[in-house]
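The active site annotation in TrEMBL covers ASP145, ASP450. According to TrEMBL, the UDP-alpha-D-glucose binding site annotation covers GLU116, ASP145. Here TrEMBL flags LYS284, ASP308 as Mn(2+) binding site. For 27-44, 56-74, 522-550, 596-613, 650-668, 688-711, the entry in TrEMBL reads transmembrane segment.
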Amino acid sequence: MQNGDGETTPYSLFETREGRQRGGYRAFAATVMAGIAVIWGYRAAEIPAAGDPRRWPWIGIFISEILFSLYWILTQSLRWRLTYNFPFKDQLSLRYSDDQLPNVDIFVCTADPIIEPPVLVISTVLSAMAYDYPPEKLAIYLSDDGGSEFTFYALIEASNFSKHWLPFCRKFKVEPRSPEAYFSLDSALHNCSQEWIHMKKLFDEMKERINSVVEMGRVPKEIRDQNKGFSEWDNGVTKQNHQSIVKIIFDGKNHDNVDIDGCVLPKLVYMAREKRPQQPHHFKAGAMNALIRVSSEITNAPFILNLDCDMYSNNQDTIKELLCFFLDGKRSQDIAFVQFPQDFDNITKNKLYGLPDQVINEIELTGIGSYGTALYCGTGCFHRREALCGKKYSEDFNGSVHLDAQTNKEDPKTINELEEACKLLVDCNFENGSQWGKEMGLVYGCPVEDIVTGLTIQCRGWRSVYYNPKKRAFLGVAPISLDVYLVQFKRWSEGMFQIFLSKYCPFIYGHGKIKFGAQMGYCVYLLWAPLSLPVLYYATVPAICLLRGIPLFPEVTSLWAIPFAYVFVTKTCCSIVETITCGSTLKAWWNLQRMLLFRSTTAFFFSFIDTIIKQLGLSQTKFAVTAKVAAEDVSKRYEQEIIEFGSSDIMSTMIATLAMLNLFGLLLGIKNVAALDLESFYKGMNKFILQTLVCGLIVMANLPTYEALFVRKDKGRLPA
C-alpha cells in the first residue's frame, strides 16, 4: 500500500502532484526583479537636490516603490512551487467498510438571528446532516452565540424536517443538500415529481412558520409547551447576558430519532455558551472552544469539520474525500487539518466585488499549502481533534484511528445529565486559569483567530493540507454591497496586522519551526494593512504633482522609462493570465483591480490606523458580524453588476475624494500642458505621460464612482 518512506503507492488514499512550468515562471520573475533593481537605481541616482520642489514627493514615491517591490518579493513565495492534492475516495471504500469509518463531529457557528437568519442557519445544518456518510457516526453541533430562542426553534423545526429531507436526498441523490439552495435552482432542473412537490411544500411551510415566529418577536406559548427546552428562555435571556444552554435534540439512542424510512438520524445538539456583560467571551474563538469541550463530552469524535452558518455543503462525498488525507498510514499521521477554499453561490458572472479571488484560491493558497502550511481560514476546515486541542506532533506519534474498535461514545448518563454536565463546560469561569485560548483550542486575542491558530498548530510540528476540488465542497454568501465588503476586509486586515505585530509574527514565532517560504507566504496577508500606505501615496501624490506641474517619472523617450514600462506591462499581463487561467473573465480581472484599489485606500488604511491605536493601548478589539441578507432592491442591482455604494460613511467619502482628486489632476494637468505652444506641449507630454497614465488608470477604475456621484438616482448612489 505504501513503502517504508510513506511515499505514494498504487493503493494510496491520496496523491500529491507537482505543478508544471514553474521554471518558466521563475525566469520571468527574475527579469521583473532585474527591472525593479534598475528602477531603484534610477530613483536613488536622480533624487532632486535640497530646495527642489520635486525632492520630497520623489523620496516618497521612491519609498513607496521599495515597499511595493518588497511586497511583490513576498508574493513570489506563493508562486515558486505549487503542489496539488488528489484524494481517492473509491480506494477508501475498498480499504474501509462503513462500520470501520471514524466518527465525525460537525460544528456550525452563528452569532445573531437578525444578521444570520435562522432559515439560512438550518439550511446549513440540514446539508451537514445529509452527507453520504453513516449517520450514526455523524454529530452536528450548532453554537448560537446570540442565545436566541428563534434559532433554537428553527433547529427544532429542522430536526422534524430532516426526517423527510434525508430520505429524499438518499433516494434522488440530491445536490446541493441545503434545501434552501436546492429549491432555489431553476425548476427546469427538477422533474417536479410528486415527491419533489411534496418536499418543497414541507420546506416552504417550515420556512413560513420560522419566519412568522421571528416577525412576531416571540415563540408562541403553544409551541413552547411542546418542548421543555424553551424553559431556558423564561428568565429574560438576552444576546449578551444569558446562562449556559445545551440541548441534545437527537442523541442517537432514542428510538424516535429515526427518519421516515426507519434509518437512524445523526446526533443533533444546540449550544449557547454562557455570556455575561463583564466577562470576555472571545467571539468566534470562544464559541469554537466551547464546542470542542461539549463535543468531547458527548461524542468525542477524532475528527471535526467546522463551518460558518452560511457555508452549506455542496458535495455529499466531502467527508469521505477528506478522510483520505487522514487514514493513509504514515503519510497521514502528521496532518492536523485540511482546508478548503471559500466559495460562494451568489457570485455574478464578472465577480463585481472581486470575490472569490480565484488567483488566491487556485494559486496563492495552493502555494503556501505546498510548504505543508495551508492557512486555516475559519470555515470549510477538517481538523484532527488532538492537534486542535494542543497536542504537539512528534516522530513517535501514532496518528492512526483504531477503526475496528470505533463506536459512538457510550455514556451511562441520561440526556438530562449530559446536558447539565456540558453546561458546566461552557460557563464563563470554566477557562479561568486554564490553557484554553493559549495552548489549547483556538487562540484568543485576535479578530482572525483562525489564521493565528493554524500557525500555532503548524509550529507544534503538524502539517496542514490545502485541497481545492473541481466540485466546490462548500458554498457561502458573499457581500453584495460595498460597505459590507469593506467592513469585512477591514476586520480581516486589522486582525492579520495585529498578528504580525505580536509574538506570533511568522518570522519570529515560526523561525526554525516552519519553512522560510511559508513565513513569507503568511506575511503576504498579514501585511495587507501597511500595504495601504504606498497605494494611498500613489493614489494621491502623482495627481497633486500633476496639478502643480511636478514630474515624478522619467521622460517617456528616456531609456529610464523602459524598466518602468517593462515591470508594469509584464506584471499586468501576468496578472491577467493568472486570472483567466483560473477561470475568470477579463472584466472580472478589472473589477478585482478596482476592488484592490478601493480596499487598499480605505479598509486597509483604516485597519492600519486602528491597529496602531490599539498597540498604543487606546482601543480594544471589536468584532463585526457580516450581514448575510440584503434588501430586494440591493440584490437586484447586484445581479445587474451595479456597485452598491449607498452611504456617505468615511470609506465611501474616501473613495469619492480620491476619485475626484485624480479626475481633476488628470484634466487640469492635461489642460495646463495643452495651453503651451506646440514644442512645449510635446516636451510637457514627454515629461508627464507616465504620471498621466497613473492618474488615468485610477480615473478609469473609478468610472462607477463618478456614475454613482453624478448620474445614478437609485438608493445605491453616492450622496454628492
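Backbone N, Cα and C atoms are what each Cβ position is placed from, and that goes for glycine too.
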C-alpha spacing of ASP145 (active site) relative to LYS284 (Mn(2+) binding site), in angstrom: 8
For ASP145 (active site), nearby residues of its own chain (Cβ under 8 Å, 6 or more apart in sequence): CYS109, THR110, ALA111, ASP112, LYS239, ALA272, ARG273, LYS275, HIS281, PHE283, LYS284, ALA287
Distance from ASP308 (Mn(2+) binding site) back to ASP450 (active site), taken between C-alpha atoms, in Å: 12
Cα distance (Å, whole number) from GLU116 (UDP-alpha-D-glucose binding site) to ASP308 (Mn(2+) binding site): 10
Most Cβ neighbours inside 10 Å, all chains, among the recorded positions GLU116, ASP308, ASP450: GLU116
Count of other CB atoms lying within 10 Å of the CB belonging to LYS284 (Mn(2+) binding site): 23
